[in-house]
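Colleague: Quick paste from TrEMBL:
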DOMAIN    22-92  domain 'NXPE C-terminal'
DOMAIN    253-734  domain 'Cas1p 10 TM acyl transferase'
TRANSMEM  269-291  transmembrane segment
TRANSMEM  355-375  transmembrane segment
TRANSMEM  396-417  transmembrane segment
TRANSMEM  423-440  transmembrane segment
TRANSMEM  452-468  transmembrane segment
TRANSMEM  474-494  transmembrane segment
TRANSMEM  506-526  transmembrane segment
TRANSMEM  561-579  transmembrane segment
TRANSMEM  600-617  transmembrane segment
TRANSMEM  629-647  transmembrane segment
TRANSMEM  685-709  transmembrane segment
TRANSMEM  730-750  transmembrane segment
Amino acid sequence: FKGGDTCEYLLSSGRFLGEKVWQPHSCMMHKYKNSEAKNCLLDKHIAFVGDSRIRQLFYSFIKLINPQVKEEGNKHGNILFEDKSASVKVDFLWYPEVNGSMRQRIKSWTESSVAKPHVIVAGAATWSIKIHNGSNEALTQYKINITSIAPLLEKLAKSSDVFWVLQDPVYEDLLSESRKMITNEKIDAYNEAAVRILNSSARNSKARVKVFSVSKLIAQETIMKSADGLHLPESSRDTNAMILMNVYCNKIMKPIDGSCCQPQPPLTLIQKLAFCFFTLSFIGYLIIHLIHRNNYRKNKSCTDLESGEEKKPAISTPNVSTLEMLLHSFCKLGLIMTYFYLCDRANLFMKETKFYTHSSFFIPIIYILVLGVFYTENTKETKVLNREQTDEWKGWMQLVILIYHISGASTFLPVYMHIRVLVAAYLFQTGYGHFSYFWIKGDFGVYRVCQVLFRLNFLVVVLCIVMDRPYQFYYFVPLVTVWFMIIYATLALWPQIVQKKANGNCLWHLGLLLKLICLLTCIYFLSYSQGAFEKIFSFWPLSKCFELNGNVYEWWFRWKLDRYVVFHGMLFAFIYLALQKHQMISEGKGDPLFSSRVSNVLLFVSVASFLTYSIWASSCKNKTECNELHPSVSVVQILAFILIRNIPGYIRSVYSSFFAWFGRISLELFICQYHIWLAADTKGILVLIPGYPVFNVLVSTFIFVCVAHEISQITNDLAQIVVPKDNSTLLKRLLCVAGFFFGLLLFSALQEPSRH
């Protein structure tokens, strides 16, 4: 660990991922859009001072502000650029040599009466080598000149950002005869002199001229693609310009995926209170544990001096009180949340950009599938979508989604479309599972609702507090929470129709179908009426939960993307339970689900439908168009998978315990990945062990899975304590929870002005 100055890393080190993606050492670069660049550089003046290489950098930089700019004008003269919409001025000043003229220009900026540029980018050397035919006298004069300029640059660095660009290597085979004297040996000598003199000057000053040396590394990889052996190819120039933009703008714009040069965010009032709470929990648990331990020792058996026999202790184990269990859970949670904070809020661990390759996605997929098949066991029951099977389904889907996220496969459209089906399948299970429970059990009590809501939302609420993120940021949990409430409202509202009641009169089945049709109508209306949807979720306090970046558009988009699949899950559950009730399916061990002929036909249709959907998803060319069709057609592949998995009796009778284990903690895995496996709120990858990517993934994955498993245990323990079965006690707890959220909203409102 060399400290948290990621700006220094950004300016001096990195490597290419593939051919064009530059990865700075330890941090992530944001790719600035034109609008973002204009917002950052509003009312700013930037000056580029130097030779033709600096002119190239100047053009790449202004194209980030206005991509329509053409490289024209006097090549050996000053070039001025201004964007009046953002009041941005960017000047290129032609000074091909470090000499008296350059010194005079820099000195003029140090005078108090002259407006100084906010950013100065300077550098030159190749002209001195060329004009003086690479003589040693020219190098000596260069040292003298840069020694006289260095104090002026340091003076400017007190109020402006000053960058000195080191000279890039050349590709000597491509140099023209008039440039043959410009060798890499000479360039290294000039760079060494510049770095030594600027660093010596910096030691005598509090200000610091930033040495832009990363361009050398980029050039070493790309200079062979140069047209003339001297000037960099366009892609390399653009990378250098983007690095400059990140150095200056990241601390202003604070992009999530731009961790370079960003200071650690200050602790909010709510985060400080959370820290105090976990500290008090730890102290409280320690005190209670010591008291219990002391009491246990007193009650321990002692040796009977007369008989020499040991008497049995009055208490065999110390009693664990509810308070001790509560504090113990909060202690463990506090330690875990500290790890979360250190990983993704403190500038302690490194973060790197995702880079997709087919091998980085498909090889791990094949590996986990082989592992999953290896751990095959018999199921306890052979019903369709039994508990082991649904856990297995959640497990392998979650593992595929995790690999999808860490490999950056969202850039590959066919993979993206298949992952969308997996997310839809989770929601399908939500509709199927909750409908089945309410339909069979008829339990619409508050206890059941509170248990489900607590288990779904506990971790996310804690993360919102500790990581200072809005609830909607963890979009999947709000999605399943809202859909659970919709399912509950649909079945609980008058008339309550459950299986027991419907068995007495078939008309109740019709009544339930009418309810489902009403639900479908509401879904259809809201999906095509963005205004009505936004009005519903823009009311306070709902707006506090579902807004992201000041509006609820993201929430509407996420909801709309899988709007029908929960309804499909409910409908499937209704049809399946009706068939089961009337004994129209066979669920015995090893028996096919239907008669041989029907099973074969359905199996053929299912395989054909599954493959047809995959072919369609793989041939997608436009993400927007495919997303429009996805809500209506995703159920095809989901139903096809269910039938393929359940029609053959043997396949239905076995499951993968490996996948099922992960399935039981799938929600925790999905949420925890945001901060302790991925980084920068899922935009990058957490690096615990730099330089060893495979080993790093193994270590971070092991910790990540252990943490997810532990949080699952903590959530289960706390659910038993916080959500009691006694209605009067539960009502009191609900009032406490309402008070807690009211306080949270109040503190959030208090810290909002300071955030802005």
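Using the three backbone atoms N, Cα and C, a Cβ is placed for every residue, glycine included.
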Colleague: Take the transmembrane segment (396-417) and find every residue of the same chain, 6 or more past its ends, with a Cβ under 8 Å from one of its Cβ atoms.
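Modeller: Tertiary neighbours of the transmembrane segment (396-417) are 354-358, 360-361, 364-365, 368-369, 372, 423, 425-426, 617-621, 623, 626, 630, 656, 659, 662-663, 666, 669-670, 673, 677-678, 682, 685, 697.
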Colleague: Quick one: find which recorded stretch in 423-440, 452-468, 506-526, 730-750 has the most Cβ pairs under 8 Å with the transmembrane segment (474-494).
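Modeller: Checked against 423-440, 452-468, 506-526, 730-750; highest Cβ contact count belongs to 423-440.
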Colleague: Count the CB pairs under 8 A between the transmembrane segment (269-291) and each of 355-375, 561-579, 629-647, 685-709, 730-750, then give me the winner.
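Modeller: The listed stretch sharing the most Cβ pairs with the transmembrane segment (269-291) is 730-750.
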Colleague: Let me spell it out: take the transmembrane segment (600-617), skip the flanking residues so only those 6+ beyond its ends count, and list any with a Cβ under 8 Å from a Cβ in it.
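Modeller: Residues 414, 417-418, 421, 594, 626, 633, 636-637, 639-641, 643-644, 647-648 contact the transmembrane segment (600-617) from elsewhere in the chain.
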Colleague: What else in the chain is close to the transmembrane segment (506-526), if you only count residues 6 or more beyond its ends and a Cβ gap under 8 Å?
Modeller: 486, 490-491, 495, 497, 532-533, 536, 563-564, 567, 570-571, 574, 578
Colleague: Can you tell me which of 355-375, 423-440, 452-468, 561-579, 730-750 gets the most C-beta pairs within less than 8 Å of the transmembrane segment (629-647)?
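Modeller: Top-ranked stretch among 355-375, 423-440, 452-468, 561-579, 730-750: 561-579.
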Colleague: How does the domain 'NXPE C-terminal' (22-92) divide up by DSSP, counting helix, then strand, then coil residues?
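Modeller: Tallying H, G and I as helix, E and B as strand, the rest coil: 21 helix, 19 strand, 31 coil.
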Colleague: Over the span of the domain 'NXPE C-terminal' (22-92), how high is the average pLDDT in this prediction?
Modeller: 94
Colleague: Determine which residues of the chain contact the transmembrane segment (423-440) at the Cβ level, with the cut-off under 8 Å and only residues 6 or more beyond its ends counted.
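Modeller: Distant Cβ neighbours of the transmembrane segment (423-440) are 385, 390, 393-394, 397, 401, 452, 476, 479-480, 483-484, 487-488, 491-492, 498-499, 562, 565-570, 572-574, 577, 630, 634-635, 638, 641, 666.
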